[in-house]
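Chemist: So TrEMBL lists the following for this protein:
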type	residues	note
REGION	1-139	region 'Disordered'
COMPBIAS	27-44	compositional bias 'Low complexity'
COMPBIAS	53-67	compositional bias 'Low complexity'
COMPBIAS	89-106	compositional bias 'Polar residues'
TRANSMEM	228-247	transmembrane segment
TRANSMEM	278-298	transmembrane segment
TRANSMEM	475-498	transmembrane segment
TRANSMEM	519-537	transmembrane segment
TRANSMEM	612-633	transmembrane segment
TRANSMEM	640-662	transmembrane segment
TRANSMEM	674-699	transmembrane segment
TRANSMEM	706-726	transmembrane segment
DOMAIN	877-936	domain 'CBS'
Amino acid sequence: MDDGDPLSHPAIQLQVSPPPSAAKGRSSSNSSNSSSGSGSSFSSHASTVSVWRRQQQQPRQQQLQQRVTPSPESGLGALDRTVGGGEADTTTAPTAIKTQHSSDGGQETEAEEAPFLANGSTSTAKKKRTPRGPPFQVQHQEPLLLPPLDTTQGAAGAAFQQEMGKLSKYIDPDRHVERGPYHGKSYPDSLTYEPEDSEVWRTHELQRVHREQSQFWTTGKKRAVKRWLLTALTGVLIGLLGVAMTYTTQRLVRFKLGTVTRLLQEEVAGTRLPGASFFSYLGLNLLYVLIANAAVWAEPVAAGSGIPEIKAFLNGVSLPRVVRVKTMLCKLVGVIFTVGSGLPAGKEGPMVHIGAVVAAGVSQGRSSLWGVDTSFSRMQDFRNDREKRDFVSCGAASGVASAFGAPLGGVLFSLEEGASYWSSKLTYRAFLCALLTAFTLLVIKTSEEAWGIPDATKMFSFGKFTSLKGVEGNYSVWELALFVLIGCLGGLLGAFFNRSNERLTRWRMRRLQPCPRRQCLEVVAVCAAMTFISYFLPLCWVKCTPLPSSGAMATDGWTEQERALAMKLVPFRCKAGEEYNELASLFFTDPDTAIKQLFHFRESGSTHYPSFSAGALILYFFPFFGMAIWAYGSAVPSGLFVPTLLSGAALGRLFGHLLHVMDGANGTFADSGTYALVGAAAVLGGMARMTISLTVILLEATGDMQYVVPLMITLMAARWVGNLFGESLYDIHSRLKGYPVLEPDMPPAARKNMIAAEIMSASPKTFRRVERVSTIYDSLASTEHDCFPVLNAEDGNVLVGTVLRKALCVILQHKAFTHPDTFSPLSESSHREKGRLFSPLLDWPTLEKIYPRYPNIQDIRITVEDRQCVIDLRPVMNTAPYCINETASLVRTYRLFRTMGLRHLCVVNSHNQVTGIITRYDLLPDNLHIKYEHLSKAATAGERSYYTRDRRASAFTVKPPSNRSQWREDWAARKEIRGAGVEEGDEEEDFEDGGTMIRVL
């Protein structure tokens, strides 16, 4: 220790006297254990307390400048061991105080000369109990009081000014605080799915059970009934929002197309100036898209489809504002105007996000936007991450049911693509939610017919598919090979779509994302380009295809659906009622009508109904497909289901049309509508890589079970081919946005034979069971960690629990800490005799009623006097945290972490001492790859240690090589072992000391 450094002097360790209630019954034997430093005894001297009280009465600045001088009369108790103090200088040999309590509650103090050791214990005749396991290095904690300093000059003055600077940032209310984008952090946090098994939580649950003894209407029954009622309410609300979105979008599109068509007819008649229809078309599209961009400017999370965000949320990633009511409103308004602007975007993906937000809001029973907040006692069972996750899963299922009218497909979508954690009870709840959504849609659709036969044209659907050959199917069995070919082609196109959009998104993140004005300009450019394409391509298509007459329709057996679709064909500059423009019928209409025309205008054999030529399909597919790549990811709410379905339907119909052209009038192949349906499934499956849920969604949308096998085989082929070139687009965007999503498959690094000790974050921040406010506050302010292991410093620093950042922030905000003169913990022996130490200062409702908006450490102010207080972490810490041994394999570690939905996983050695901690960031494939490369380089340089089993100790130990030459000999021998066919992990004799090798590099 450097005597010249004024901060290196031994600190005055404060001793406090226990209250009479705690002192009664303590024997002299316990007091003697206190003097020997064997337990957590907190003996004190009354004079030391008076010194501390006198200092508390001094002004704050004077107290900082006039530090207490260490003296032999100042007793050094066990407070430093449990509360946290600096290292004590053994050369000063202060007096240890041994206190005995009389029968009437008084104190008799007896001084005993004993040098105080650096670890806080005194050297006495009694042998000190040796801690179990190897020594564990505890972080240095600052002392409670510092020695006096000369604040005017020299090194002492510089040190004092530095210390004052550290304190000023905690007590200055006007300081600027840098906040990260994720709840004040620079990276996304994780959700807490496992309940905290703390004393406060157990006490709260026991009180509820005690109050409900001999009652029929218990908390469990109330919780179950409320859960089902809230689920039903969620389904109804999502159905209403789906109807409102569909009707509003149709109104906007009809107004725009009607205005442009009227102006176009007036141009043809010569009553309007040329270009009036185009500029009105461009102006309305730009107006709509600017409104959609304004919604994203109001809430940036509303951009895109929202499916990557919901997948990340259900995987356990806490993303700010994802399930807020403001996000839902901006998403709803934005997607209505995005679809109305004519961009290649759909409303089906955003409906998943909207449904998730509705479910999350209903389950919480409050909204900060509207100022609605029910009492915590009514909704406390659902205000946690686990319940919110289940409700969000149900909401995502209802969103799909509202968009496609497919309740079963919605449940399977939530199971396959959304939720990472599923249960049978959640299946029934999601089924009920989707059922009520579909029921709401059915009631509204049939309201005009007095709830009679539903009209399928009033909501999004693929139309009514029927058998074209009576009882026979619409395809031959041998055509399944052609469907597989279309599936492979769709997988290739999906992979090209994903790769192109990924590169475009990377460019956006570098060039456009930092500036909202650039994002707005890009949206305007996309809208203008799509307007030019959709207007001038039909204008350049001079061919006018004649419409069949009414007599021909009746003779050829046209259905009512086909007649209605024929009437919606757009003439553009052709003769209205006699001719139509093929490209205008695809571009100048809403997406629902365009996809029905591609599906239901039959072309089979000698019967040639009004259809689309190969040139029109080619001119529609390639520009629309390219614009869909450009539009997705821009600063507007948009989905990809309908754009990929439309482009795939055009591709499939082109494929079928060419087959019929080559076949002539023989009728060998199925109609072009069947190939259009298969092509739509292929392109969508190649982009999203969905199989089960997408099959059921398409079947429910078509209503024809004869397409089960073609759709299944097409989607499987599209998925297999697409996976050869990359992952799905939603996974790509999750990765680009930095969402730490843990996939169900093991990462590639799991094949590298890595262990938990090689992937963990070593040297975590730790606290003791009773810790200082200054230590806790400084740790929270200087780090972004969310979990802090709690150690028992009296038992070899073994792990006794974990405490979360949110609990510590709530405690600091409520100032639920104790001054040293009133705090009096007991020793381990007295704790076992007396029972619990004292009741917690904060109850469970106080800790959790502000969920999920817990206080931030930057918003909490503490004074210098508060920094000297202590906090008992035992009531709020999780006494049963998940742990794993440091020698566990990566496969076991990953499976435990993801299956249990953990937030933190403590890594311990054989002595239950914390050696590290694992979060979801440590298990990401990229991070695992980096760590493996680092370990490989260290092994090449001869620095990597290896694990051996010591026969005498029979425990795992890390044994570094004695020297480089010895390591190289071992490495050469291991290469020979591996070359001889010995598997990794086989036991071989160690070359150094005869131990058994269990880790082969």
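Glycine is treated like the rest: Cβ placed from N, Cα and C.
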Chemist: Would the transmembrane segment (640-662) and the transmembrane segment (475-498) count as touching if the test is at least 3 Cβ pairs under 8 Å, pairs 6 or more apart?
Modeler: yes
Chemist: Helix, strand, coil: count each for the residues of the domain 'CBS' (877-936), based on DSSP.
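Modeler: Grouping H, G, I as helix and E, B as strand yields 26 helix, 15 strand, 19 coil.
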Chemist: Do at least three CB pairs under 8 A connect the transmembrane segment (519-537) and the transmembrane segment (706-726), leaving out pairs fewer than 6 apart in sequence?
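Modeler: Not in contact, no.
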Chemist: Below 8 Å between Cβ atoms, which of the listed ranges 228-247, 475-498, 674-699 makes the most pairs with the transmembrane segment (612-633)?
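Modeler: It is 475-498, which has the most Cβ pairs under 8 Å.
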Chemist: Run the contact check on the transmembrane segment (674-699) against the transmembrane segment (475-498): 3 or more C-beta pairs under 8 Å, excluding pairs closer than 6 in sequence.
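Modeler: They are in contact.
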Chemist: Do any residues, 6 or more residues outside the transmembrane segment (519-537), come within under 8 Å Cβ-to-Cβ of it, and if so which ones?
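Modeler: Hits for the transmembrane segment (519-537): 278, 281-282, 285-286, 289-290, 292-293, 296-297, 341-344, 508, 512-513, 583, 587-588, 619, 623, 627, 630-631, 634-636.
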